[in-house]
Amino acid sequence: MSRTVVSGGRLRVEARRRRLALQWGALLLAGAAVPALSGCQATEAASAAPPSSAAPSPSPSATPVRPSAARVALAPATGAQDVRLDAPVTVDVTGGTLSRVDVKDASGAAVEGAIGADGRTWVPTDGLEPATTYTVRAYAADPSGAPRSLSATWTTVAATKVLKTSIAPLDGTTRGVGMPIIVTFNTPVDKSARAAVEKALHVSGSKRLVGAWSWQSSTTVHYRTRAFFPAHSTVTLDAHLAGVEVHPGVWGTPKSNRSVSYSIGASMVSVADVANHTMVVRRDGKVWAKFPITTGKPNFRTRGGIRVIMEKYPTKIMDAATVGIKPGDPEYYKLEVHWAMRISTSGEFVHAAPWSTGSQGRANVSHGCVGLSMANGEHLFANSQIGDVVKIINSTRPLNKGNGWTDWNGTWASWLADSATGVQDTPASS
């Protein structure tokens, strides 16, 4: 009995020991699972922010992250207001190299731009908008590659008026060798701003261009080459006026930027001799035609000088009242003419005048226009372009500046006198 009791007691003791061992094992397994879950949470936090003091100590094999030695400074500084549209966005990096600059507006839209040649200035491709909030983030790295970035948010100045332009020639057209580039502004341009405007108007061509801008008024600037434009070429004007302040508060914006490309056709230069009543037309330097003509009679002399064809009309009503001759005056006329090409703003044209065919080549009987026969007028009209040159020689009446496109009448020196930047020598574009 005693053995049985002892034996049963031992059995009960062994069973109890096994139950305790199983319970302790379960606890040990549960305890091992908790640190494993905690370890995953610590890794995610470390990836988003620097580790806290409560985080587990790194294993002996882990390499500590070394802070970047690069330092970044931005201008304009964060919080800046009324930032000028021509203010440079500069990034100064010490102890490292600038790698990228990102700029976004308040809507989150990226603003195109690039780091300038100096390696520290970010230049917007199209310029900045007025009264707009921008966020700039610059990225740099030290020699070991450790990154550093910095951001700044600021707001640009408001504009009281936005600069707008009209440009001639129109994009895609073909013009003659005498056609100037004409830029007209919707507001006067201060003299102090004219150099900045000219620098923003870049002219290039398929052939070398040696030319200059010259101000005709406070709202109009023309570009011409030293000699006539090269025939059979293309010319492009890139007007990048964003960031140009032409008067306090009047700014060019990205909407002010324009690009115009056009073609120069054959060189057509007509020389009308008032005294000898003839017109000689040269095409690409060779005599193309000779026409008998009539020009202005006494008291209506055709003005002398170098003209440019401004407009072309297959037919046009000419009314003397538009030049101050009233109905009832013996010199009054109102008639339809054919093949009319304007060469002045005061009303002088080259056109067909069949009523004066008998005087053409012999006498001057017009009211100032250059008259040809119907056939010759049509032939010249069909082969002429806006921008072709018409020289009136041997006239005793001068052509006033601004009476048409009179860009070629003065000397080159006088043209440059009204330029803020002088001669631009532009190689042929590739």
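Any Cβ shown, glycine's included, is placed from N, Cα and C.
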Examine the ranges 48-67, 388-407 and name the one recorded by TrEMBL as region 'Disordered'. 48-67
I'd like the Cβ neighbour count for C369 (active site, nucleophile), meaning other Cβ atoms within 10 Å of its Cβ, all protein chains included. 26
At the level of the C-alpha atoms, what whole-angstrom distance separates C369 (active site, nucleophile) and H351 (active site, proton donor/acceptor)? 7
Taking the Cβ of H351 (active site, proton donor/acceptor) as the centre, count every other Cβ atom within 10 Å, in any protein chain shown. 24
Looking only at the domain 'L,D-TPase catalytic' (268-393), what are its DSSP counts of helix, strand and coil residues? 16 helix, 56 strand, 54 coil
